[in-house]
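> Below is one structure. I have some questions about it.
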């Protein structure tokens, strides 16, 4: 069932990515098509060329972000909706209000009865009248739900109804203008101003889907379903404004290929409709799970929602299936390629993590080595990066059995992206001591939500050491407390930290949380100075000498040098594995790991301070 849900979510994600490719193509091409209405002598090649130039310009400025020009988007879209609504009212008044009879469901019944199969197939084109509305929900994380509901109910929906009703009234008297009814129905006096606003609105719509594509790929990356990529945050004020260079250029190339490759705009429309209706279907199916498992809705409500939604969506989907050979194959091909990449990457990452989980080093083995770990302890701090939030990784035993020395202080660093929106700054770092004090071994778990900004600079290392020093001070203060006080402080901190994450992020997929991340009962959150002060007042006697000695020892080790030790676990398929598994693991996953960003780049590790430790794991 988990695999089915994973595949369903990945299919929806890939279709959204396809939407991010097709929306700029069809939006810009439709807007530029207005030039040909007043200049019939222009060839389709000129229109396509102008559209491609606009698309290249749009993708080329993505790295600047939308922070500086974002304030223009709302006025442009507002003006656009008011204009098309006003033009609709004008056409209804000019050509007759009898078109409003179309609001009666009786007419769609008569239409399908009269036209038969042709009428049914035309639903694939009618679907385009509702595409674009899904973009309203692309940035729900940035706007309250109420603002989306108000905007759609009071502005978007009424203006769309007026616009389409006006075009229908115009077509009743001008049937030969069906290919470009919108531009031909615009009054001559305001034609060019509307054309300019239409082009700007197309650019805004394209920008919205491009931004949504960046956002959903970053979230997939945080969940381990997409290869490691460079994510640039373009705004200091708004956390969600990001730019992904590699994805940007891939989108641009595919978008230009779609714009120039298809023979006519209707084929792009078929492709766009296929992507949108599949996104709707997947959203509905996942929504059913949310209603049952998370919201605990009554079964009658679930049945009513499922029935009404699937009747409408499956009706459109059945019509779209007949358009697959007329352009509908494009989003399926794009989604298939991204689905293969995402599923193979997720499979390889999960197998690699399971290997590290099952081959952890026992504490009895560590303690048996003694404080020196059976090696020479040289001055300095070794930061061992691992994906494990508990236990000692196998890569560490591999390291100390092959090298004659280890640093005086060893810190196992685990960076975790939790399935929550954001992790508060004061709950980000969790620190724990491993073994007795004279071993000088620690663990630090840095937790981030999938929308958090993980700064890849010196601040990360600085904050890590700050929290390590605070932990040592806190630990020394707790030595003066009784056992009951000691455990109550640990339990209170971790319970508050864990519950705070879940309570403050109502949109989290808590059911899928990594068990190693959630089991932090022995890890202390050390970022809040209030607890330190409270401990000082309650204990009354703190071992300040021990505290100063260890803090000074840690400072001296940091001054001696910090080495970043990264494990590089290579995953390969066993010799007796099936052919498709060998292809997926040995070639596709290996290729993705080779071209994706290395951990040393992600954590901004200086080359002179980097030590890679490799091992091979067979699945």
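For all residues, glycine too, the Cβ spot is worked out from N, Cα and C.
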> Which is it, of 6-23, 24-41, 42-59, that TrEMBL names as transmembrane segment?
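Per TrEMBL, the stretch marked transmembrane segment is 42-59.
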> Of the residue ranges 94-111, 220-237, 328-345, which one carries the transmembrane segment annotation in TrEMBL?
328-345
> What residues in the same chain, six or more past the boundaries of the transmembrane segment (238-260), come closer than 8 Å to it by Cβ-Cβ distance?
20-22, 24-25, 28-29, 48, 51-52, 55-56, 59, 62-63, 65-67, 70, 139, 141-142, 210-211, 213-215, 217-218, 229-232, 268, 271, 330, 334, 422, 451-453
> Examine the transmembrane segment (42-59) against the transmembrane segment (150-170) and state whether at least 3 Cβ pairs sit under 8 A, considering only residue pairs 6 or more apart.
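When sequence-distant Cβ pairs are counted, the transmembrane segment (150-170) does not touch the transmembrane segment (42-59), since fewer than 3 lie under 8 Å.
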> Applying the under-8 angstroms CB criterion, which one of 150-170, 272-292, 299-322, 405-423 scores highest with the transmembrane segment (328-345)?
272-292
> Would you mind listing the long-range same-chain contacts of the transmembrane segment (190-217), meaning Cβ under 8 Å and 6+ residues beyond its ends?
13, 16-17, 19-20, 23-24, 27-28, 30-32, 34-35, 38, 54-55, 58-59, 62, 66, 73, 76-77, 79-80, 83, 87, 132, 135, 138-139, 141, 183, 226, 229, 240-244, 247-248, 251
> Over the domain 'K+ potassium transporter C-terminal' (379-616), what does the predicted model average in pLDDT?
70
